[in-house]
Each structure stands twice: as C-alpha cells, then as structure tokens.
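S.K.: Questions regarding the structure given below will be posed in turn.
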Amino acid sequence: MVPEYSRLYKILGYSFKNYTLLVRALTHRSKTKKNYERLEFLGDSILGFVIAEVLYMEFPDLAEGKLSQIRSKLVKGVTLANLALNFKLDEYIILGASEQGGHKREKILEDVFEAIIGAIYLDSDFATVKKVIVNWYKPVISTLNLDDVKVKDSKSKLQEILLQNGLSLPEYSIETIDGKDHEQEFTVKALSNDLNIEVRAKGTSRKKAEQKAAEKMIQILSQQGLHEKK
C-alpha cells in the first residue's frame, strides 16, 4: 500500500509526482542500500547556493564575511533539524532495526531535510526547488537578528588565522568511527603541514569533531603568538 503523504505534501508546500523519490529521501542507510545519502549530497549543495543568493539579494550592504557567517548559521545542523521537526519529518523517517529511536537525532533530521531538497529538485527543476526553499526560510530570515551573528565557527577562524599569516589551510581526515549508527563517535585529525602541528578531537559527527580539532589548533597557534588579525 502506498503510504499517505498528502499531509506531508501540504506541510512542505510541494507535491511529488514521483513519490518514490520522497520515500528514498526519508530512508536511512540502516534500512536499505537505496537510501537518502546521494540525495542529501545533492540537497546540501542546492541549499547552500539558494541561501547564499537570498542573503546576497536581501542584505546588499553586508560584507562577504558577515554573509558567510549568516549562511553558516542558516544551513547548519541545529537549524535544519529544527526545520525538519517543524515539518514533522521525524514522523516519516524510515529507519532500520539498528537505528530505532533515532527519528529525532539531529544528524538524521539534518540529512533528511537536505535529502528532501535533492528529491524535490529531481522531481521538478531548479526554479521550483528554489521557490520551495525560499518559502521555508522566509520566517527564519525575517526574524534574523544580525547582531547575534558575530562569532565565527572554529574552522573559519582557523582558516583566517592561517591565511593572514601566509600559511596553507589545514587538512582534516577521519581516523576512526566508533559505535552504532545512532551513537557514532568520530575521531578527526587536523594537520598543518606548514607548522608541523597535528591535533585530534572527537565528536558525534564529522563536522563537530572537525570544529573541536580546529579549536585545539587555534589554542596552539595562540600560544605561538599567531592570532586572528582584526
């Protein structure tokens, strides 16, 4: 029997012509090889571009650095997870037995949100998915407090410190992934070849582990007298 998705279509503001794309966007890898991972990859790129364009047009007087900070805030995990919960995507996510209980996990919600975007694009066209994304983000952008968007994330801050001092960017690599799918712990190594500095950090996602590793490297650079130039 075909699942009843009319309620979800109404929430999303989009009705799929090929509902199997939606099913795949909602399916975690623990369930089947035909899962949302490729759609997530596509949706992530589309979302980043659309939000960048919206911010460019909406805030013509903001500098590139500020625009980047705002975009980072709008496309990061917690924002996407909250939007996914608002859309009640957690009620539709398809998980395998090993992932049961993971419907409200931030990483899964974030991935499904991006996969939905990829699925809408393949089901329609770029103009359509852009319109859908803009409608989703209107209330978010309209309530933005630009003064609250001040702090760079650690990776961005580290990048600026290194570039300002004529040094190459660090290399990030995953060393280990431990635990079950819904309780994974990533160990990431950050390496600065120019300075011969190597640090490691753990996190519940690759992104979080990389941010922690970047923060560790910033602390080492600070001890060596390398700081971000204002």
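Cβ from N, Cα, C; glycine included.
According to Swiss-Prot:
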DOMAIN    5-125  domain 'RNase III'
BINDING   E40, D111, E114  Mg(2+) binding site
ACT_SITE  D44  active site
ACT_SITE  E114  active site
DOMAIN    153-223  domain 'DRBM'
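I would like each feature placed in context: is it buried or exposed, what are its neighbours, and how far apart are things?
M.R.: Around D111 (Mg(2+) binding site), taking its Cβ as the centre, 27 other Cβ atoms fall within 10 Å, counting all chains.
For D44 (active site), the same-chain residues that are 6 or more apart in sequence and have a Cβ closer than 8 Å to its Cβ are V75, E114, G118.
Under the DSSP three-state reduction, E114 (Mg(2+) binding site) is assigned to helix.
Under DSSP, the residues of the domain 'DRBM' (153-223) split into helix, strand and coil as follows: 32 helix, 23 strand, 16 coil.
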S.K.: Report the DSSP secondary-structure composition of the domain 'RNase III' (5-125) as helix, strand and coil residue counts.
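M.R.: Residue counts for the domain 'RNase III' (5-125) by secondary structure: 82 helix, 2 strand, 37 coil.
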S.K.: Considering the binding-site residues E40, E114, which residue's Cβ sits among the greatest number of other Cβ atoms within 10 Å?
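M.R.: Buried the deepest by this measure is E114.
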